[in-house]
Amino acid sequence: MMCFNGLRGGEEASRSQEIDRIIRKDQLRMAHETKILLLGAGESGKSTILKQMRIIYSRGFQTQERQWWRRIIFHNIIETFEMISDAMNDFTIEFDNPDNEKFMTQILTRQEIGHKESFPQAYFDSIKALWHDTGVKEAIKQCNEYAIHDNLAYFIDNMDRLWTNEYIPNDLDILCSRLKTTGITECQFTIAQRTYRIFDVGGQRSERKKWIHCFEDVHCLLFLVAISGYNQCLVEDRQASSNRDLQNQMNEALMLWESLVNSRWFKNSSIILFLNKMDLFVEKLPSNPLSNYGFIDYHGPPGDYKLASKYFLDKFLAHSRDPDREIYGHFTTATDTNLVKITMDSVQDMIVRRNLKQLIL
C-alpha cells in the first residue's frame, strides 16, 4: 500500500507540474498577445478594416477565395439596383427612356451564378443603360431612405473588367464589396513577436447579443462609425428614415457608443474611435445639411466638412462619463490602406502607454 500511495503521489506531483507548465506557457503567450474587438453599428466599415489587416499582415486572399467573392460582388450590384427600383416606385420616379424599364425588369429576375461563373453578359448593357438614366440618378439621390451600397459607382466604373471571362476580384474589389457579418470573425497575425487577435462581430441589432462572449480580457476596443450615415437609415430598419431626427445610422451609433464607452466590460480597455467614410461625408454634406436630419445643435456653416466632422467627434467624446478616459479619435476612409497603419500606430501607442503605467505603479 505504501508503494501504491507513493506511486499515486508521484503521479499527482507530475500532473501538478504539467499544469504549472501550461499556466506559465499561457501567461507568456498572453503577455505577447493583444486582443482587439471591432465594434460599431451595421454598415460602419468594420469588415473592410478586417479585410485590410488580412491583406497586409496575414495571408491575404487566395485564388479560390477570390473566386468566391466574385458571386458576392455580382449580388451587391443586383441588390443595389433592387433598392433603386424600390425608390423609384415609392417616389413615383419615371425612367427618362421607357426602354430602360424592361432593363430593370431583366435585372430584377436575379439570375444566380456560381463562384467560378462569369457575370451574365445580358446584364452588361442593361446596367450601363440604367446607370445613365436620369430617373435612376434621381432615385440614387434618395439613397438615405434605402441604405444603397456605397460602392456601386466603383463597380460600375469597372464593369468592363468585371464582365470578362477571366475576371478574378482584386484586393480593392473585395474591400469594396459588402457581406453582412454574422457571428464572430477572427483575424490573427504577428508583428515584431507580438500576436494580434482581431475580432469582428455582427453590427446589426440581431447580432449584438453575441458580443458579450468577446468582452473578456479585451485590450483595445476599435469602434467604427459611418459619419456619412447621418442622413441614412439602418439596413435592418428602413422605417427609420420616416423619423430622421431620432432614427438613423448616426443616432444608432451614438446610442451604441454611449452604452459601450461607459460599460464596466471596457473600463480597462483603450478605445479607438473611427469616424469612417469621410469621403462620402464630404461629398454629400453640401446638399444635405445636418440640420435637415435632426442635428439642430450644429451651428457652423452647412457645407463646412471640417467643422461638421469635429461636431460629430465632440458629440461622441461627450458621451464618455469618465473625463480622464483615453480615447483615440480619427477621421478615416475604410478603403484607404493608411487606415490600417493609423490603427496599428494607435494600438502600438496604447501598448507603450499601458506598459509605462504598469512600471510606474
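Keep in mind that glycine also has a Cβ here, set from the backbone N, Cα and C atoms.
Look at TrEMBL and you will find 43-48, 175-181, 200-204, 276-279, A334 tagged as GTP binding site. The Mg(2+) binding site annotation in TrEMBL covers S47, T181.
Features as recorded by TrEMBL, highlighted on the structure.
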| residue | record | DSSP (3 states) |
| --- | --- | --- |
| E43 | GTP binding site | coil |
| L175 | GTP binding site | helix |
| T181 | GTP binding site | coil |
| N276 | GTP binding site | strand |
Item to check | Other C-beta atoms that fall within 10 angstroms of the C-beta of N276 (GTP binding site) | outcome: 28
Checklist entry - Counting only other Cβ atoms and using a 10 Å cut-off, which of the binding-site residues S47, T181 scores lowest? => result T181
Item to check | Cβ neighbour count (within 10 Å, all chains shown) around L175 (GTP binding site) | outcome: 21
Next on the checklist: Please report the distance from the Cα of N276 (GTP binding site) to the Cα of S47 (Mg(2+) binding site), rounded to the nearest angstrom.
Outcome noted: 12
Item to check | K46, R178 as binding-site residues, winner by CB count within 10 A | outcome: K46
Checklist entry - Hey, which of the binding-site residues E43, D279 is the loneliest by Cβ count within 10 Å? => result D279
Item to check | Distance from T181 (GTP binding site) back to S47 (Mg(2+) binding site), taken between C-alpha atoms, in Å | outcome: 7
